[in-house]
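Reviewing the structure listed below.
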Amino acid sequence: MENMDDTSGSSFEDMGEMHQRMKEEEEEEEGEAGAGGEEDGEFLGMKGLQGQLGRQVADQMWQVGKRQASKAFSLYANIDILRPYFDKIAGELYGPLMLVFTLVAILLHGMKTSDTIIREGTLMGTAIGTCFGYWLGVSSFIYFLAYLCNAQITMVQMLSLLGYGLFGHCITLLVTYNIHFHSLFYVFWLVVGGLSTLRMVAVLVSRTVGHTQRLILCGTLAALHMLFLLYLHFAYHKVVEGILDTLEGPNVPPFQRVARDIPVVSSAVLNTTAKANALTL
């Protein structure tokens, strides 16, 4: 009986130890599972943080690209807004520019039909310099004077006004270069040149306030415009010829050889000389 009790006690103790071991193993498994869950949470947290940073960088890059694109579109829009302004300037100056070139061609025609000595390579530059110098120079001077007189006119308008004013000069010079009558020139100078000058004066009068300012501005423009036409008709050819003579030297004709006269020797002298030579030999 005692043996049975001993064996039964030992079996109960073994069962208790096994149960304790199983319980400890379960606790260890639960601990490992908890630790694994914490590690998975930490890994997922790091992964979520990296994804959030990536989204922020992508958003910033998108915003920067969007701002640059908006600046580019705004710049193109501003250029597109200014395009009609440049088209307007080109449209206003196209006619005056063609009239200036027409005046250049008429001056060249007048130089060729007159008695002026023509040298290649110099007439074109002189005519272009004279016409464009007058157009740009007088326009700038009148614009500056208009600024002092408080006239409401822009530089582009002044260029256009003076350029169209050269239409009378073109008509007058084209007719008088082919028909050489001074009385005819004076008629065209007063009528055609005067009408084109009066048109410019009328525009300046409408844009200027004050009698003194109008008198100064319009009188200066009218005097310069009419005197320029007189200069082109009477003095331009002579001035150009003088400039060319100064730059290239006077028009000296090339050196020519002149045949000399050989004196006639009489036949008696020749016969005497021949006989003397024969006796000597």
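Glycine residues also receive a Cβ, built from the backbone N, Cα and C atoms like all the rest.
As written in TrEMBL, here are the features:
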COMPBIAS  1-11  compositional bias 'Polar residues'
REGION    1-41  region 'Disordered'
COMPBIAS  25-41  compositional bias 'Acidic residues'
TRANSMEM  93-111  transmembrane segment
TRANSMEM  123-149  transmembrane segment
TRANSMEM  161-180  transmembrane segment
TRANSMEM  186-206  transmembrane segment
TRANSMEM  215-236  transmembrane segment
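Distant neighbours of the transmembrane segment (186-206): 146, 151, 153, 161-162, 164-169, 171-172, 175-176, 214, 217-218, 221-222, 225-226, 229-230, 233; these residues of the same chain sit at least 6 beyond its ends, with a Cβ under 8 Å from one of its Cβ atoms. Nonlocal intrachain contacts for the transmembrane segment (123-149), taken as residues 6+ away from its ends with a CB within less than 8 angstroms of a stretch CB, comprise 96, 100-101, 103-104, 107-108, 111, 155, 158-159, 162-163, 166, 204, 207-208, 210, 213-214, 216-217, 220-221, 224-225, 228, 232, 236, 240, 243.
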